[in-house]
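J.: Here it is, the structure in full.
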């Protein structure tokens, strides 16, 4: 445990109630917010799943953790790992899901060590465009047996007063990962304002320059405050006053509705909601940007371009909109020069936005600038070391540069981060079988690829991979004879 976290733990005394922050607090740096998030965030595991949680309360040697209900829905023994890497058994009888259709639950554990507890902020004060931070533990994999803490910066996309499916109504752009469900969503004062639950499922593919929808959703902390007593968690008296201070705009209600429809694959319904939101807030750059992503999703490329242009016209410093417009120009409009200019601007304006480096790297490779492409992938990985596709792309560039072992390492790292990607197993199989002459290893990878295709219902690729396996087995026999 770091000295700062240790100091925090020592300063926070035993509390029987959870404080709702009311005084005017000073905004913190992202580093300070990250330190607070790390101290209060826990890893929740059972043999077949992983999630995150937030330490809310200490009563004697018993700590209460708030998480998403789907993280602790099974009747199994859960383990809770704290910021100092100590692991505790959850008190089985302490798991209490929220009443009604709200995806929240509390779980308790016993510990003699001292841990800081979260401060709860006012989720109703969040407005579109405000900075927001999400913390949690992405799922471990076969190779990466220990989940690592991840802290992601982003912005509020919408904050609705309406209650949607399972209580989700706060929408944000932070690029979250599986396993971060139940983790803290924090404001610029390091106060917990929501519990993260669902992420944008549109992961980057091996061949697509994609745009993020910004449809990562959480349950505002005021939902928990309203039902905390029913979950056996006492709150301080001023909580009800804090909740009622602000209301959301109708436009935010439509954006939150769009997020729900998008997660249910109702893309046209989501687009219709964005149309209504923009009609109410015609100068909302974020709404135009994400409506542009939706239009591209349904193959309306000219409409998507118009929305990206409008987002940039409203906010000339909106780096993500430049990156998304660059994706569209490079992928669909064949304007490679314009795409490069957009990526350059996106990186200049948002130097921590990893997808812009990745997509510019692809474009440089198309222009036969392998060294430049490799440099951009190094920068993308530096900004986001948990995105599996960045490693598989970089592996190809290392092959082109003659770095065979480096390529193998990157393919392995990509599989480590996303072991369900059948195509990366197939690519590593090619590299091992033909380049490294590791025929047994290559065949094993190809067989794993076939198994994954079969499990995922991709009959066409499964059959093609079986044909390749038989061909490779024949080649292997010839090589051995």
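Using the three backbone atoms N, Cα and C, a Cβ is placed for every residue, glycine included.
A quick note: this is a predicted structure, and the numbers were derived from the prediction, not measured.
Features from TrEMBL:
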| type | residues | note |
| --- | --- | --- |
| REPEAT | 251-284 | repeat 'TPR' |
| REPEAT | 285-318 | repeat 'TPR' |
| REPEAT | 388-421 | repeat 'TPR' |
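Can you walk me through where each of these features ends up in the structure?
T.: Across the range of the repeat 'TPR' (251-284), the DSSP-based residue counts are 27 helix, 0 strand, 7 coil.
Same-chain residues lying 6 or more positions outside the repeat 'TPR' (285-318) and placing a CB less than 8 Å from one of its CB atoms are 128-129, 155, 157, 173, 211-215, 251, 255, 258, 262, 267-268, 270-271, 274-275, 277-278, 324-325, 327-329, 332-333, 349.
In terms of DSSP helix, strand and coil, the repeat 'TPR' (388-421) has 27 helix, 0 strand, 7 coil.
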J.: Could you give the mean pLDDT over the repeat 'TPR' (285-318), rounded to a whole number?
T.: 96
J.: What are the helix, strand and coil residue counts for the repeat 'TPR' (285-318) according to DSSP?
T.: 27 helix, 0 strand, 7 coil
